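Here's the structure we're looking at; comments come further down.
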Amino acid sequence: MSSYNSFSLWILFSLQLCFILDSADRTVSLCQPDCGGIKIPYPFGMGKGCYLEKWYEITCNTSTSGKLVPYLSVINKEVVGISLPTEGRGSRYNNPYQSVNIKNPIASKECSSNGEELGSLLNLTGTPFYVSQHNELVAVGCNNTASLTNVKPSIVQCTSSCSTKPHTHIKDYLAVLNCQNYNGYEKNCNEDSSMDESIMDETSCNGIGCCNAYMRGGSIQQIVGVTIENTITRGCKVAFLTNKAEYLSNKSDPQKLHARGYSTVELGWFIHTTNHSFIKSLGCYSVKEYNNERYTSTQRRINITSCICDDNAYLSYARCSCTRGFQGNPYRLGGCKDINECKEEEGMTYCGTNKCVNLQGHFKCVYNNHRPLAIGLGASFGSLIFVVGIYLLYKFIKKQRKLNQKKKFFKRNGGLLLQQQLISTVGMVEKTIVFSSRELEKATENFSSNRILGQGGQGTVYKGMLVDGRIVAVKKSKVVDEDKLEEFINEVVILSQINHRNIVKLLGCCLETKVPVLVYEFIPNGNLFEHLHDEFDENIMATWNIRLRIAIDIAGALSYLHSSASSPIYHRDVKSTNIMLDEKYRAKVSDFGTSRTVTVDHTHLTTVVSGTVGYMDPEYFQSSQFTDKSDVYSFGVVLVELITGEKSISFLRSQENRTLATYFILAMKENKLFDIIDARIRDGCMLSQVTATAKVARKCLNLKGRKRPSMREVSMELDSIRMPCGDMQLQECVSENEEGEEQNKGLVEDIMRAESRSKEFVTAPASHYNNIAAASSSSWSDVEPLFPLQTR
């Protein structure tokens, strides 16, 4: 009977044990593997029965934003990652690498408006966790001195400054910056001896606004604090311990780091237990057993176990890791799995072109006959070199042809003559820049259509940006007259000498293209015509003072061209579309495509008639003799445009008043100046100034050139008008001197007949006029011929 009872008890005990083991396996399999996307490997776990001991318990909480966040319960810190020891981390068997990354508050000073100062202390006493040596002390802010506490005998400290030279102090009981510290006594050292100023950049943390110091020594630190010393320097300062120091630099903002509030700290961990039954249940070798078996075995390369454990009974902790050739979780029975080294991962192969055979915890390579492969590779490589050589030869020949073509164009376009001219003018004028075609192609995106500012009958203007950041206008002609290249080069040299704030500057040219290309400074605010007639920006032209200033700027520029430049220059196409407005709405005279230079002993040029209807001097139209007074007449028309806001040619006016000059002269003669003043300025202008300006315009529009004032006189008179003066009666604005009107009647009739036949632009006798309507609305980028017409 007793034997029967004993047998029954034994069966009952066996069934109970099986039930317990089955329940344990089932519980582990039902454990939640992650929290908020962060994997939770054993011995850590969430829920009862899912973690080894209370130290490794993870709670999965819900944040205010609704996301799941894991916390390490024993220290109540948010977890951002848990790692297990792996062979690939380069760890030694007696010190396997395993860590927990947590969020830890940072220390700050003078970063909040209420003056609150925050400290940072991490206390891990009594837990199986310690502060990893992979962490660094980081201090950010000007003249910020930070240090770690509770790390004796070491002194870990650094100082950041905002001077031009770094002063980073890292004190350690080992060796930092050639310093040695033994038992608290510090030797003299040169702090700069190990500094490399070449690494002082914005991507490193080397003492300029940011410094760092490494934790050193082999002792396990479980209480670490961060303090910031008091300094006289004001401003936000932060300091913290982190394993992510590589993401900080001298440009790091302490205020942003303070607002973030935390840093990532790496903690090392081990199995905290005095009962080693768990370690033994894993079936792992101890380090001593592993070394003895491995180095006494005849097959030393083959691992005899998948995991090893460092079981230190004296310190009451143990750490395990998978051996070489295995990977996985060493804290689970059979958790270390064989690595298939023969499987290509990330492009890495162990045997190269040979056959790879996977073994348990190892692999071997079966070598092949490489001769056929070598022959094939040699043939392929030779063919590749041949093809590449042919391609490079083709590219070289193509480049040489292009270079020779550029040289040919440069010589044909007068490049040698330009070089001689530049040599002869050294020290006298600013050197003209000769741009390469490659520079201009890059500046205009290979003359992209998206860069076009405007097009005309003779060429196109592109907007470009040079390598130095300057914005320029690149003028590319469509045609070239090789007979006039010498004259063109002379014009380029002379125009490049012009240095006046109210004249668009010619920056240089390019002669390596089929036709020469001119480069001008870029004027951003369009031309005067757009602002006066197209309501481009009505507010700018709504005041008389702006218009008077523009008139004075134009007069000063033309006066400079006629009398102040090294050789007098006649513009020959003064009109509102050729008056540019810069960013301050100051006038700049542009488009010298038809300009002519004259010697000081000549008073006029005899040329083929060229100009724009409505602005052209009637006397020049009949005689083909262009003088400085011809520019005066054209300026007079622009002056009337500023006063009246009317276009130089308008089909909305009567036949006899179709040209603005005739319309204005008749209004002055009938004493109706007030009626033709632009309505936008009529109420707010000084009538005395408008009247005086109208008198100047009337003088400029005299049909006889000898009775017109010079541009210098016009400029001086407009300057005097701008001076404060009393109001004048409107009737005084009408000039009583109409001398020569009857004698010039025949001239006026000829002009009127020419206008009835014309369409826009005169480049030949009157029978070749083009469209007038197009002339009255053309933009500033209307391109005139790059090469001046032949003088006679």
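Counting begins at 1 with the first residue displayed.
The backbone N, Cα and C atoms fix where each Cβ goes, glycine too.
Averaged over the topological domain 'Extracellular' (24-372), the predicted model reaches a pLDDT of 76. Look at Swiss-Prot and you will find 24-372 tagged as topological domain 'Extracellular', backed by sequence analysis.
Counting only residues at least six positions away in the same chain, the Cβ atoms of Leu68, Val69, Pro70, Tyr71 sit under 8 Å from the Cβ of Asn61 (N-linked glycosylation site). What Swiss-Prot lists as N-linked glycosylation site is Asn61 (among others), and the listing cites sequence analysis.
According to its DSSP assignment, Asn123 (N-linked glycosylation site) is in a strand. What Swiss-Prot records for Asn123 (among others) is N-linked glycosylation site.
According to DSSP, Asn143 (N-linked glycosylation site) sits in a coil region rather than a helix or strand. Its own atom aside, the Cβ of Asn143 (N-linked glycosylation site) has 19 Cβ atoms within 10 angstroms in the protein chains shown. The feature N-linked glycosylation site is assigned by Swiss-Prot to Asn143 (among others), with sequence analysis given as support.
Per Swiss-Prot, N-linked glycosylation site is recorded for Asn250 (among others).
Look at Swiss-Prot and you will find Asn275 (among others) tagged as N-linked glycosylation site, backed by sequence analysis.
According to Swiss-Prot, the N-linked glycosylation site annotation covers Asn303 (among others).
What Swiss-Prot lists as disulfide bond is Cys309-Cys320 (among others), and the listing cites similarity to another entry. Summarising the environment of Cys309 (disulfide bond), the number of other Cβ atoms within 10 Å of its Cβ, over all protein chains shown, is 26. Cys309 (disulfide bond) falls within a strand segment according to DSSP.
DSSP assigns Cys356 (disulfide bond) to a strand in the three-state reduction. Here Swiss-Prot flags Cys342-Cys356 (among others) as disulfide bond.
Classification of Cys365 (disulfide bond) by DSSP places it within a strand. Just so you know, the Cβ of Cys365 (disulfide bond) picks up 16 other Cβ atoms within 10 Å once every protein chain is counted. According to Swiss-Prot, the disulfide bond annotation covers Cys351-Cys365 (among others).
Taken from Swiss-Prot, the feature phosphotyrosine covers Tyr520 (among others). Under the DSSP three-state reduction, Tyr520 (phosphotyrosine) is assigned to strand. Within the same chain, residues at least 6 positions away in sequence whose Cβ sits under 8 Å from that of Tyr520 (phosphotyrosine) are Val472, Ala473, Val474, Lys475, Val504, Lys505, Leu506, Leu507, Ser590.
Its Cβ taken as reference, Asp573 (active site, proton acceptor) is surrounded by 21 other Cβ atoms within 10 Å in the chains shown. Here Swiss-Prot flags Asp573 as active site, proton acceptor, drawing on sequence analysis.
Residues or ranges marked as phosphothreonine in Swiss-Prot: Thr607 (among others).
Residues or ranges marked as phosphothreonine by Swiss-Prot: Thr612 (among others). In the three-state DSSP scheme, Thr612 (phosphothreonine) is classed as strand.
Under DSSP, Tyr620 (phosphotyrosine) is assigned to a helix (H, G or I) in the three-state scheme. Positions annotated as phosphotyrosine by Swiss-Prot: Tyr620 (among others).
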Measuring Cα to Cα, how many angstrom lie between Cys351 (disulfide bond) and Tyr620 (phosphotyrosine)?
92
Can you tell me which of the recorded positions Asn123, Cys309, Cys342 is spatially closest to Cys365 (disulfide bond)? Compare CA atoms only.
Cys342
Using only C-alpha positions, which one of Asn143, Cys320, Thr612 is spatially nearest Asp573 (active site, proton acceptor)? These are the recorded positions in the record.
Thr612
Can you grab the distance from Cys342 (disulfide bond) over to Cys320 (disulfide bond)? Cα atoms, rounded to a whole Å.
26
Measuring Cα to Cα, tell me the gap between Thr612 (phosphothreonine) and Cys356 (disulfide bond) in whole angstrom.
86
Cβ atoms near Cys342 (disulfide bond) (within 10 Å, other residues, all chains):
16
Could you check what DSSP calls Cys342 (disulfide bond) once collapsed to helix, strand or coil?
coil
With a 10 Å radius around each C-beta, find which of these recorded positions (Asn123, Thr612) has the fewest other C-beta atoms nearby.
Asn123
Cα separation, Asn143 (N-linked glycosylation site) to Cys356 (disulfide bond) (Å, whole number):
59
List the recorded positions among Asn123, Asn143, Tyr620 whose C-alpha is within 10 Å of the C-alpha of Cys320 (disulfide bond), in sequence order, or say none.
none
